[in-house]
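Shown next, in structure tokens, is the structure this report addresses.
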Amino acid sequence: VCKGRDLNMQILSLHFSMYTVGGIWRPVEWSSDGAKLLYSIFTFIIVSSEYFLMITQFMDIVLVVDNIDDFTANTLMFLTIVAVCCKATVVVVRRNAIINIVQLLLKAPHKPRNEDEVAIQTKFDKFIRTFTLRYTFLATGSITGLTLGSILNAMHGHLPYRVWLPWNYDIPLVFWIISIHQILTLLFACIINVGTETLVLGLLIQTCAQLEIFESRLHKFIINKTVKDLGHTLSTSNKNEVGISECVHYHLSIYKFAKTVNVIFNQVLFVQFFSSIIVLCTCVYYLSTHTAELSGLVSFLVYTICMFAQIFVYCWSGNEVILKSTSIGDTIYRTDWPLLSIREKKGLLMIMMRSTIPIKFTSSFLITLSLQSYSNVIFVVKNLADLISCCYVSLDLIGLLSKASTIVIYRDRIINLIKILQEKPCKACDKEEIDIQMKFDRLIRSYSMPYIIVCSMSAICCAIRGTLYVLEGQIPFGYFVWVPWDCTSFLILFLTSVQLIVSLIIAIIVILASDTVVFGFCLQTCAQFEILKHRLQKMIKFSHNEKKEEDTLTSSLNISNKTSRLAEHVSHHLCIIRLAEMINDVFSQVIFVQFSKSVLVLCTLVYSVPRMTVTDIATLASYIICMFMEIFYYCWAGNEVTLKSAGFGDKIYNMDWVLMTNSEQKDLLMIMKRSTKPIKLSSSFLVTLSLESYSNLMKTSFSVFNIMQQF
């Protein structure tokens, strides 16, 4: 049994040898239980090391990284290791399925039957081997340079690759163990990567080989049948039917083989394609912004070339299968099929009809391995206007879902925030504090109303234009949706359009409510700082007036009362800080999604506006204004909180604090020291609500506009 299986694995043997060296493929000819056990342990160590590197890199990105350059570099390596972990897991878990599909190639009807078919199989085997060796040399050059750079980093006292570890690695022995482990892990990752990519390429090219063998076999069948008919050789109809039925069965078997390959590597294709897109975009961005740094530029350039080659291998091989499978019908049509019997013609017709549906290697409806997909990764989508319109509508809906989900999920926490503002120490206690509270309430209302009016006008314009599109028999502009029913009927079109327009109105209401709630909570935080400042001034003033009238007994009592009041103010300050932290925790996801969405939407709109007609610009004008106002409200409100919290120390310093006791001055000093660390509403290190962030957003939009104008 082992001998037969060993023979079966001679196809694509180079790829399985790579897997064996990479630690994820035990040779099928091994029969020793001890050897199997040892290799299984080796596989566990390799796969665990890859997952460990992936997890520690992810933790470093989340917990440690604090600038965009480190985030870019770490994300590249992290996504690469994620793809490696996916490939290693698929190969280990689906080992038997991979063995079975390779065995199919050496069984009837796939096994070559004569010298011509053997020559075809040999031709494709040589091509696969040549392509594999060239790709391996390219990857070897890349990993060699990366390894040398890693060794140099280790010699300078830096880990080869940034990770977060739960222990101290400053000890030299621990440091070198971790460094060597990282270098070896990446070497094995490279082997697994190359092995998987060339194996998928090999299986796809083997599909092409099977289709060419099928063409040769069918061509010979037609020639032999024609010669027999012309020579008036007697043959029963049963034999003729068996001959054509074998060809039909063989063609169907090739389709089943391709489908099995697609099912096995489905997840690999999905992860590889999307990680490659993100990595390529990130690499191109990094290279464009670091052209002066030659040392880092070379390594990133080589890495980018490898990534382009990597995704090209998948797309090109998938495209070859598509072309080969669709050409079967033309090949049959060029044969001497008119001389065949009616039953044989029907068999050929079945094959031709099936070949009109090409063999495609996909992962869901999103990914199809073809050169068209590759060009979509590299170049701009053909219909850019529809893409941009669809993108910003989709991004708006993503932002809406984020806000609605936050309100629903964190409902109780939002209610608690309101209760905190209505209870001590945040509750206004006297007329002056009530005036301060009312001033900020009016400010929130006065700033919210213009925003509500502009957004309402935008919604009305969109609804009116949507109605006009409905009257013209079209789905409302901007709603690029797929519906599982036919919209040719006016009633169905009308109901679908009404649902879309009503959804838009509800969406705007939810967005308005969410934006003004975040804005209101930020200004309520500012109001609390004003109230606390008023209370401190009032306490110091009372302390100055009472100081002249105190005797010894009442002095100790008043000092106790003042200490108690000051403790309340310190507690109030801490309560404000906790309130801001709670607001940030509740709306952190909203801030991140809102800011990211605004960046993408503004950039696409700024690019697309110069290419629009006057009518389209007039329609989108209110939408663009709303987008600028929306992100400005967030940034301005967050900036006000930062300024109020940072300037609170100066407010205390400008009071008559010299009239207070040493103990009270120390308490005030604690508040002032805490104020040196301003309150910032943020979501990770990427997004901070401030006017500086708003300015950077405007600069980014203008930069994108200038760059895209050149294309």
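Sequential numbering from 1, following the chain as shown.
Every residue, even glycine, has its Cβ placed from backbone N, Cα and C.
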From 7-27, 133-153, 238-258, 406-426, which range did TrEMBL mark with transmembrane segment?
133-153
So, does the transmembrane segment (37-59) come close enough to the transmembrane segment (173-194) to give 3+ Cβ pairs below 8 Å, pairs being at least 6 apart in sequence?
yes
Below 8 angstroms Cβ to Cβ, which residues of this chain, lying six or more residues outside the transmembrane segment (133-153), approach it?
14, 18, 159-161, 179, 182-183, 186-187, 190, 193-194, 197-198, 298-299, 302-303, 305-306, 309, 313
